[in-house]
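Now, the feature entries from TrEMBL:
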type     : residues       : note
BINDING  : H62, D66, H147 : Zn(2+) binding site
DISULFID : C31-C69        : disulfide bond
DISULFID : C42-C48        : disulfide bond
DISULFID : C108-C151      : disulfide bond
SIGNAL   : 1-18           : signal peptide
Amino acid sequence: MRLYILFSFLLLAVICSCRVDDSQVKFGPLCSGNSSNRKRGCDTKYGCGNYGASRGGGKRKHEGLDIVCADGATVYAPFDVKLNGKAAPYKKNNAINDGINLSGEGLCFKLFYVKPDSYSGTLTKGQKIGTLLPMQNVYPGITSHVHVQMCDKSDPTKYF
């Protein structure tokens, strides 16, 4: 019995020590031309890029964070990641309805408006994920951006 209790405590200690402290995780540069991960501010016609910003006349909330990125720019892995398949932001198809599910550093997140080079596999920090799609074709005048959304829809701002 003592051995069982000792083994249980040892196992718990190992599990606790392996858990990632996500408060210390920071995204590396996501987009060519924006090494500081500058966040999208507010556009007169399209609203603001911060988490929780109003959408649809106040009926919805923005469930991610927008990071400035030019149409056609290269999108990079912010840290070592696993590519976990397609993530489409819209029900109806359009020129920017693509994205990718990713995991890494103990986080699960999605990047929208990106055409990934692949939907599966692994990448190391700084490797190319894909290319930002032509946002100006769908939302003329918006500040083009990559949308970062946590899988649980929590606020990703603390990682930037």
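Every residue gets a Cβ built from N, Cα and C, even glycine.
In sequence order, N101, C108, F109, K110 are the residues of the chain that are 6 or more apart from C151 (disulfide bond) and have a CB within less than 8 Å of its CB. When Cα-Cα distances from H147 (Zn(2+) binding site) are compared across the disulfide-bonded residues C42, C48, C69, the shortest belongs to C69. The residues near the Zn(2+) site, meaning same-chain residues not in H62, D66, H147 whose C-beta sits within 8 angstroms of the mean position of the site's C-beta atoms, are R40, G49, N50, Y51, A53, E63, G64, L65, F112, H145, V148, Q149, in sequence order.
Among the listed binding-site residues, namely H62, H147, the Cβ with the most fellow Cβ atoms inside 10 Å is that of H147. For H62 (Zn(2+) binding site), the nearest neighbour among the disulfide-bonded residues C31, C42, C48, judged by Cα separation, is C48. Listed in sequence order, L30, C31, S32, G33, N34, V75, L132, S144, H145, V146 are the same-chain residues six or more apart from C69 (disulfide bond) with CB atoms under 8 A from its CB.
A simple Cβ count within 10 Å picks out one of the disulfide-bonded residues C31, C42, C48 as the most packed, and that one is C31. Remark: D66 (Zn(2+) binding site) has K39, R40, G49, N50, T143, H145, V146, H147, V148 as non-local neighbours, by Cβ distance under 8 Å and separation of at least 6 in sequence.
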